[in-house]
Structure formats: C-alpha cells, structure tokens
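Q: Annotation comment: TrEMBL describes 15-34, 76-92, 98-114, 121-137, 143-164, 176-205, 221-239, 336-354, 360-381 as transmembrane segment. Annotation source TrEMBL lists domain 'Glycosyltransferase RgtA/B/C/D-like' at 82-234.
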Amino acid sequence: MLNVQTVYKLYQKCIARDFIFLIPLVPLSLYVRLRYYFYLRSSGVGFPQAADSKWYLDYAHNLMANFTIGTHMNDILYIGYNLLLTVLLAIFKDPATILFIQAVTASLCVILVYKITRMLFNRTAAFIAALFYSYLWDITLWATYILTDSFFISLLLLCVYLLLKCYESDNRIVKVLFAVSLVYLAFFRPAGILSVAFILLYIVLRLPRKSVFAFLNKHKLALGGAAAAVVMVLVYLIAGHKLNALITSMQFNAKMVLYNIYAKGWIYDHPTPYDYKYKPDYTIDVWNSLVLSFIINNWEHILHIYGKRTVAFLGRWVWQTDLSSLLGIKLFLKNMLPVLLFMLGTIAAMWNGTFRKAAVIWYVILAVFVFCIIFFIDGMYRYKAPSSPFIAIAAGYGLERIIRGTIIIAKKMTGKLLWNNKGKFSS
C-alpha cells in the first residue's frame, strides 16, 4: 500500500511539471520539420524558391557589400527581416544552413505554443495545441523557404508569450524584451504593423478604465509633448522630401493592388473561376486620390470581393467541396473538423469567462484575417500561415472541452449505474 501511495505521489509531482509534457513534444516537432528539411536537401532537386526569395538574398548580399538602407517601402517595412537575413548570411554563408536554423526555430516554438496555451487555459489544452502545432503543414512548409514567413511566425509567438509573462510578473527584463520584440515585429514585414496594432488593442482593453484615465491625466503634458514632437518630425521629413521614396512606393503598391487585383475581382493573387467579375469605375473624383476614389466608387463590388475572401480564408477546399458523394462528404468533414474545434474553443472561452484574458489569441488571428481580406490571399496561403499556431491553440482548447465534457458525463452515468445496482442489490 505504501508503494502504491509513493508511486501516486511521484506521478502527481511529475504531471505538475510542464517539462514532462514537453519531453515528447519537442522531439516530435523537430522530427516532423527536420525530416522534411533533410528530405529536400538530399532529394537532388534542392529547396523550393519563391519569386521573392531571390530578391531577399540579393538585397542581403548588397547590404553586406554596401551597407546602405534606402527609404523605399521595401527598405523600411522589411528592415527587420532584411537585417536578420544579412547577419545570418554573413555568419553562415550558405542559405541551406539558414533554412536549417529556420526549421529548428520553428520546431522549438512548440514550447511557446504549449506555454501560451498553459497560461491561458490548462495543461491538457496546452498539450493538445502543441500536438496540433507539431503537425501543422504551414509551419513545416515555410521553414524551407528563404522568406519572411517562418521567422515572422516564431517572432509573433514570442511576442504573445512575453506579453502574457508581463501580466504574470513585474519583471522589468521581461517587459523590456516584450517592448523590443514588439517594435521589431512592426518592422519585420508589413503584416507586422497590423499584428502590433491588435496586440496593443488587447493591452488597452485589458487596462482598467480608471487606471487609463488616471495615467492620461497624470502624464498629459508629457504625452502631449511627445505627440507634438512626433508631428513636428513628420512635418520636417515630409516638408524636406525625406519620405518621398517611401510615399511614392506605397502609392505605387496601392495602385498595383487596386488595379491588378481589386479591379479584376480576384480573390487570390491570380485568377480563378471563383472570382467576382464586374466593371470597375476608374474615375478619380475624391480629393484627387486614386485610392480613395477607387474604393468609394466601387465599394459595393469591393464588399463582394471581401465576402468571397472571407469564405476563401477557410482554405481552398471550400471551392472544391462535393457533397454529392461519400468521398466528398468525408473530405468535407475532415476539413471542417478544425473549424468546428476552433468555433467550440471560441464559444467555450466566452461561456466560461476566459475570453477576455485569452482574447490576444483571437486578436492575432483577426489581424491576419484583416490583412488577407484587405490585400489578397495568396495562392499558397502564405499570408494566412501566421494565424495557424493560434488557430491550433483555440482548436486545442475546443478539443479539451469535448474530452472534459465526455469524462464528466461518463462519470455521472457510471455513478448512476452504480447507485442503481446498489439499490437493486440492497432491496
């Protein structure tokens, strides 16, 4: 009896420590990513390359040869990734080594997924979410490309983890690390700006109103002075034509998106049979602005495009669903399962009062969703990929609720059966 109690106490101590659960998860995540990495490396074909991969590599080599950063949109808004890639190339020389680092980093982020879910929900949900993350194809795929995506996803997970750690403790080092990572995220790639905005929204909404007003009232002069200084700097830069290249390149990119994608009714970055066909109005009659004029004059058509992109965000499978055959129904249920688990996790978080604390998960997903809807969903769903770990977290919580509910029902049913049997026996 003593031995059983000792074993039970040891078991309780073990399951109370998170590293016990990470022991199988970390090797599994590494195995999934590195297996694919070494498969590509030994295949003879080599690693895949996107159209942007060559641009990033050329830019990094030019930066090493002549360290000058311009004021073009791609120079400023991708400065975080460009500098990181340049440093890695300077140290390791070989892009294949950088891809190996990407794969290992993406694999180890299973720890962040586990920790984030553990802080927001519970240990079981954390294990399930981390297990989902280990098998996410998006994470495995983009770790084999010289693109911003893999490191961006890892950085986004790190930011959310550090943010939640800030709420757990008053450690200044953690707060500084969070602030630095958040600024770095904003300049890692354009989508980072939107992610930062939604993370800041989460922080503001979690602040007590009285504390916010008290802080604003106490520091109104300092805040007003800082705002005035920012405005003066912007006026100086604009008046001195320092931002001409940035503004011109942003206007050009906006025009390209509107005229090459919006005007053609494309859902993705290429034509498909599911696009929305219409005749756009190119009249420029709103403040002499091409962008505002196009959006206002074609707002009804744009809403149709946004509606189709909302559906397309679920995955390309939504257009290929065939409910007229048994195989089609099976594929539909398979594709819908993550969606249903995500929805269940969302509803459960709202129902039991944890949503306000855990809302950062949904804010990050919303940031990715808004970016994809406003611009476009690329054919390989690259721009949706940053939401995948957070969808896995919500889905993991949804599955945990199902398991917990099943256990509770089973216990109640077992208890009733035992009671009934006891009653019959006693009579």
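Quick reminder: no glycine exception, Cβ is built from N, Cα and C everywhere.
Note that TrEMBL annotation is computational and uncurated.
Thinking about packing and proximity, how do these listed features fit into the structure?
A: Long-range contacts of the transmembrane segment (76-92) within the same chain, counting only residues at least 6 positions beyond its ends with a Cβ under 8 Å from a Cβ of the stretch, are 56-57, 59-61, 63-64, 69, 98, 101, 146, 148, 151-152, 184-185, 187-190, 192-193, 246.
Confidence for the domain 'Glycosyltransferase RgtA/B/C/D-like' (82-234), expressed as mean pLDDT, is 91.
Remote same-chain residues near the transmembrane segment (143-164) are listed as 33, 36-37, 40, 47-50, 52-53, 56-57, 78, 81, 84-85, 95, 98-99, 102-103, 105-106, 109, 112-113, 115-116, 119-120, 174, 177-178, 181-182, 184-185, 188-189, 191-192, 195, 199, 202-203, 360-361, 364, 382, 385-386, 388-390 (criterion: CB distance under 8 Å, separation of at least six residues from the stretch ends).
Beyond the ends of the transmembrane segment (176-205), by six or more residues, the same chain brings 76-81, 148, 151-152, 155-156, 158-160, 162-163, 165-166, 212, 356, 359-360, 363-364, 366-368, 370-371, 383, 386 to within a C-beta distance below 8 angstroms of the stretch.
Sequence-distant contacts of the transmembrane segment (221-239) (same chain, six or more residues past either end, CB-CB distance under 8 Å): 247.
Long-range contacts of the transmembrane segment (336-354) within the same chain: residues 120-121, 314, 362, 391, 393-399, 401-402, each at least 6 residues beyond the stretch ends and with a Cβ under 8 Å from a Cβ of the stretch.
Within the chain carrying the transmembrane segment (360-381), a Cβ under 8 angstroms from the stretch's Cβ atoms is held by residues 116, 120, 138, 156, 160, 163-164, 191, 194-195, 197-199, 201-202, 257, 261, 266-270, 306, 309-310, 312-313, 315-316, 346, 387, 390-391, 393-394, all 6 or more beyond its ends.
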